[in-house]
């Protein structure tokens with residue numbers, strides 16, 4: 001459709017005119033204008049809702065909201081065209097078969113072996129070995145080898161040595177969805193462990209010998225401790241209500257040597273609504289501070305994030321400080337349980353704070369343990385009540401931790417944002433379906449590509465320059481301040497206002513420091529080379545060789561970071577109510593902008609959009625966490641279609 | 001950019017030819033200027049009853065007046081005290097923290113101050129800024145506008161010069177304004193944290209433009225401390241006239257500029273940025289200044305380590 005306008009959300013005066021395309025996988029808007037062929041690409045899987053608004057004199061507005069929080073406002077001249085686009089998008093964004101998804105047609109031009117290697121990058125068996133299992137207390141069990149015991153669990157589960165197949169099967173019959181207690185994390189220093197399950201089918205008075213034996217087995221696997229914690233991550237009221245439905249929670253009287261604890265995290269429906277309310281705040285046009293703070297509090301979002309974090313902290317403390325094992329569950333053990341176990345693991349084990357380790361963590365606690373990606377993130381058209389931002393919340397917890405501990409993570413904010421992006425994108429096969437069983441049936445690994453391989457290949461973009469493996473902050477357990485600490489939880493504008501360039505400064509501290517780091521390294525290498533040459537020269541009387549200097553590239557690269565300072569920093573509208581103020585044009589010089597375009601080519605990036613984003617925190621946390629918005633152009637796309645480099649000119 | 005006190009128009013609409021002439025000389029042929037009055041239109045009009053007022057259009061035809069009310073005096077001090085109280089309230093749950101923060105209004109004041117400063121800076125015309133006395137919100141606006149506009153005000157030395165000019169010499173009554181700070185129950189009539197508000201705004205700028213200020217948070221914290229209680233004479237008294245102590249005290253600037261000390265206050269990321277830095281004043285872009293308000297409540301250890309790491313990287317240790 002031609003002559004479509006793409007409106008800028010913050011400044012309704014700025015609208016780009018161009019052509020709208022719909023393909024089998026994307027919505028594409030190509031801006032008119034010879035020099036700056038700015039393209040905005042949006043995957044259908046990313047689209048969460050399409051709103052056709054009332055036709056005005058200027059045309060028919062269409063609002064597209066995305067799961068990665070991009071909001072696109074289009075104005076289509078003809079009502080009939082608008083309607084056609086609307087109907088098509090409705091169909092395109094509600095796939096019914098997996099085969100319709102992008103991952104089955106996406107072609108990064110890798111051969112079969114590379115594809116296989118990509119899938120092998122993360123190996124869970126290796127991970128449990130790293131933890132020290134199997135050992136005297138823990139073993140691997142194949143009781144679920146054909147998914148016969150629990151179809152949402154993996155084929156290989158780790159259980160206490162004293163848990164026989166009989167006990168496991170018996171326990172599984174007493175757990176919701178058959179999700180029996182299994183190992184999530186083992187601490188070899190003190191034998192304490194984190195196990196996870198779903199709620200017991202205890203009702204008001206039912207008991208199950210095997211389930212009680214299972215918990216005992218977990219306790220016995222930690223000889224130094226004479227009890228285990230059982231943590232129910234639901235609010236007490238909800239758990240009690242479940243009893244009426246024949247489910248519920250563990251009775252301390254029936255299970256010997258357990259200490260039971262509720263940690264009230266709300267359910268998926270509350271979280272879905274919370275996000276919705278927060279996004280409404282984000283969509284307000286120039287809200288007052290008051291509107292913003294009230295709206296944010298009303299949504300409850302940060303309160304929920306804190307609840308998840310507090311649960312993780314409790315469990316990490318139990319394991320690290322008390323040396324006591326913990327069994328965690330919620331209702332079905334695939335949402336809150338996953339969040340809380342992975343936060344706890346992150347706090348406990350520095351390995352999970354490395355890039356590779358983080359991928360492993362997600363594979364372990366989310367992918368293998370049957371988190372319902374399809375239902376939660378809407379790969380296919382399904383029940384809207386199943387949709388919930390569960391992984392988004394976990395990813396935000398990680399970001400909040402990064403703000404408090406800027407040196408502790410090997411990866412940066414951009415890494416988290418890209419992962420969140422791909423939870424919804426269906427470009428790779430990792431986050432499809434609802435269980436390992438379903439993925440194997442669909443032969444995902446033979447037919448799609450692994451996100452981890454893609455991210456790993458581009459890992460230079462995802463590094464945190466402040467991370468040093470030998471640094472005190474990166475060692476051992478992280479102990480976030482528990483109270484008072486409300487203020488420590490910040491609104492993540494890099495994620496929820498990701499695409500609003502006016503909101504974020506363009507100076508990326510992370511990118512700058514990475515460039516500095518790289519230059520220092522190159523200089524050090526050069527120093528070494530020169531040192532050797534000097535030694536050689538001193539030995540023999542050879543002529544000076546010209547040392548190939550990478551000076552050019554380095555200073556250009558650094559020059560890039562420097563000139564980021566001089567990036568077109570347009571004043572926002574400070575006086576929207578006083579129209580007769582002479583309008584100010586971005587006076588920061590087009591020369592700088594075009595110079596920027598040239599030097600940007602030097603910086604390779606998996607994400608073509610290099611508009612440096614959120615400068616989040618207090619004058620310090622800024623440093624580690626830079627995001628860059630993917631401006632609709634996906635990291636793995638042909639970088640010729642990169643959209644946002646041209647934005648600098650367009651502004 | 002000019003600053004002054006309010007014109008003493010009074011209830012009888014007095015005129016002053018000299019004042020009109022002075023302002024006329026500022027403008028070029030055919031040029032127009034703007035008066036940014038930091039009081040609401042209502043307050044400015046009411047001021048006439050006590051001898052003050054605004055510039056009447058008829059007498060100052062080439063000056064267009066804009067009102068951007070900024071909080072000052074008792075309400076601003078209350079805002080500060082409430083905020084400090086909220087920050088220290090350990091019983092406050094996450095479900096009420098944000099609304100409590102909002103009810104203090106401090107961040108709204110930060111937003112308003114930055115907005116007004118940007119407005120003053122944005123004009124490609126001459127601007128006259130005044131409130132009532134010209135010693136509080138006026139200085140807040142003109143000083144901030146210069147940090148935004150002028151790269152030389154963003155160097156350590158330049159910033160010191162700015163403070164000397166726009167706050168100290170300009171006659172901000174430090175002695176009255178920075179008497180007891182937020183914990184005191186005595187609500188002194190003249191006490192108001194304008195200078196702190198200024199420092200908070202500068203901190204917001206440093207967050208949004210991490211490369212553009214030669215100094216870091218530590219300098220701002222030190223200035224805050226010294227405005228209230230100091231071993232140095234720099235922030236003493238209320239005006240130049242009173243400040244004859246200069247001969248009998250040491251200067252804070254002299255101390256800060258010693259090489260050993262200076263290093264603590266420099267920003268390792270600083271690169272001179274010749275351009276204007278326009279901050280975003282959207283709520284998402286402004287944050288509570290943790291380093292100040294939670295200074296004694298939360299451990300700065302991890303953040304300090306991060307800065308040390310940055311220093312190490314930049315200096316190529």
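Backbone N, Cα and C define each Cβ position, glycine as well.
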* Look up coiled coil in TrEMBL and report which of A:513-540, A:597-624 it refers to. => A:513-540
* Other than A:267, A:268, A:330, A:331, A:332, A:333, A:334, A:335, A:336, which residues of the chain come within 8 Å of the substrate site, judged by Cβ distance to the Cβ centroid of those residues? -> A:198, A:233, A:234, A:337
* Structure fact -> Looking only at the domain 'Myotubularin phosphatase' (A:118-496), mean pLDDT returns 95
* Residue counts (helix, strand, coil, in that order) that DSSP gives for the domain 'Tyrosine specific protein phosphatases' (A:299-343) -> 31 helix, 4 strand, 10 coil
* To do: Kindly assign residue A:267 (substrate binding site) to one of the three DSSP-derived states: helix, strand or coil.
  => coil
* To do: Would you mind listing, in sequence order, the residues at least six apart from residue A:336 (substrate binding site) in the same chain with a Cβ closer than 8 Å to its Cβ?
  => A:233, A:234, A:265, A:267, A:308, A:311, A:330, A:390
